[in-house]
Amino acid sequence: MSSPSKADKKASLDAASWMFNVVTSVGIILVNKALMATYGFSFATTLTGLHFATTTLLTLVLRWLGYIQPSHLPLGDLLKFVFFANFSIVGMNVSLMWNSVGFYQIAKLSMIPVSCFLEVVLDKVRYSRDTKLSILVVLLGVAVCTVTDVSVNAKGFIAALIAVWSTSLQQYYVHYLQRRYNLGSFNLLGHTAPAQASSLLLVGPFVDYFLTSKRVDAYPFSFTSVAFIVLSCTIAVGTNLSQFICIGRFTAVSFQVLGHMKTILVLILGFIFFGKDGLNLHVVFGMIIAVAGMVWYGNASARPGGKERRSVSMNGGSKAQKQEDSADATEEAEEKV
């Protein structure tokens, strides 16, 4: 019996990475919804800081066990990443508070064209006609099933603008830093998680007080609410790691496009667990369009010329290819952990 080819192994690892991200992302959304809606823990920024603190503990354990090797990330690049990442978290929370749900969903959808713009300008990526059309179909499908009332004001628009660009830049930087410095997902997380944990835990309580007019130290903690917080932090470790793995293996644009599959799954699970009042014909129709667009995007971007990076020079292209091959080898090792 012949051993699997390199392409087959890569396809299997890609599928496993994506499934890991989908399961953990959908799981944390459902747990956080229960934590905030049922137990009133509405301190989203502080909770995110706890997520990264838990992730930091994991990276320390993995470094002690030898799964994370010493690596270097320049302080300037680390600070830029943390700046974009933290503005993304705060910006999304503020955007949700100041905007209608419909405009918030539109803002999230606009991350795809912004991510495309960053890849075209910064990475010289070229998309085929089919790839562009498939992205439009995904945007249309998700818009049909998620966008309802749309109202916006000046400060809400600015918050959404900051959230969209900071999130897109943060996701672009994940891919960029892994390739430039030959960092595996564990290594990059080991550099960024402590910085994000310390900064978010420092400013989180103040941001949450500004957003909710409630103090986290005055929250009436109970055994059940603490158990949900611990569960949320545990799942968040997988979410943070799987995001780095997926963006490293794919790109920020692919992560955004296929990521809307999680939106569809959250809607379906919400209908199952929290009632079927929002399930109607146009929502189902939008889901079908979105899934068809995702399948089309996967096929179109995988074809020759569907999505390719134009090399500036032969030497530069050769160096980039060596870094990519090395990163792929590192990612395969991570999947075996």
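Just so you know, glycine gets a Cβ as well, placed from its N, Cα and C.
The annotation compositional bias 'Acidic residues' is assigned in TrEMBL to 326-337. Under the heading domain 'Sugar phosphate transporter', TrEMBL lists 24-297. Annotation source TrEMBL lists region 'Disordered' at 303-337. Per TrEMBL, transmembrane segment is recorded for 12-31, 43-66, 78-96, 133-150, 156-174, 186-207, 219-241, 253-275, 281-300.
Ranked by number of Cβ pairs under 8 Å to the transmembrane segment (219-241), the listed stretches 43-66, 78-96, 133-150, 156-174, 186-207 are led by 43-66. Within its own chain, the transmembrane segment (43-66) is flanked in space by residues 32, 35-36, 89-90, 93, 186, 189-190, 193-194, 196-197, 199-205, 207-208, 211-212, 214, 216, 219, 229, 232-234, 236-237, 239-241, 337, which lie at least six positions past its ends and keep a Cβ under 8 Å from the stretch. Counted over residue pairs 6 or more apart, the CB atoms of the transmembrane segment (133-150) and the transmembrane segment (281-300) come under 8 Å in at least three pairs, which marks the two as touching.
Using a Cβ-Cβ cut-off under 8 Å and counting only residues 6 or more beyond its ends in the same chain, the transmembrane segment (281-300) has close neighbours at 128, 130-131, 133-146, 254, 257-258, 260-261, 263-264, 267-268, 306-307. Of the recorded ranges 12-31, 156-174, 186-207, the transmembrane segment (78-96) has the largest number of C-beta contacts under 8 angstroms with 156-174.
On the 0 to 100 pLDDT scale, the domain 'Sugar phosphate transporter' (24-297) averages 87 in the predicted structure.
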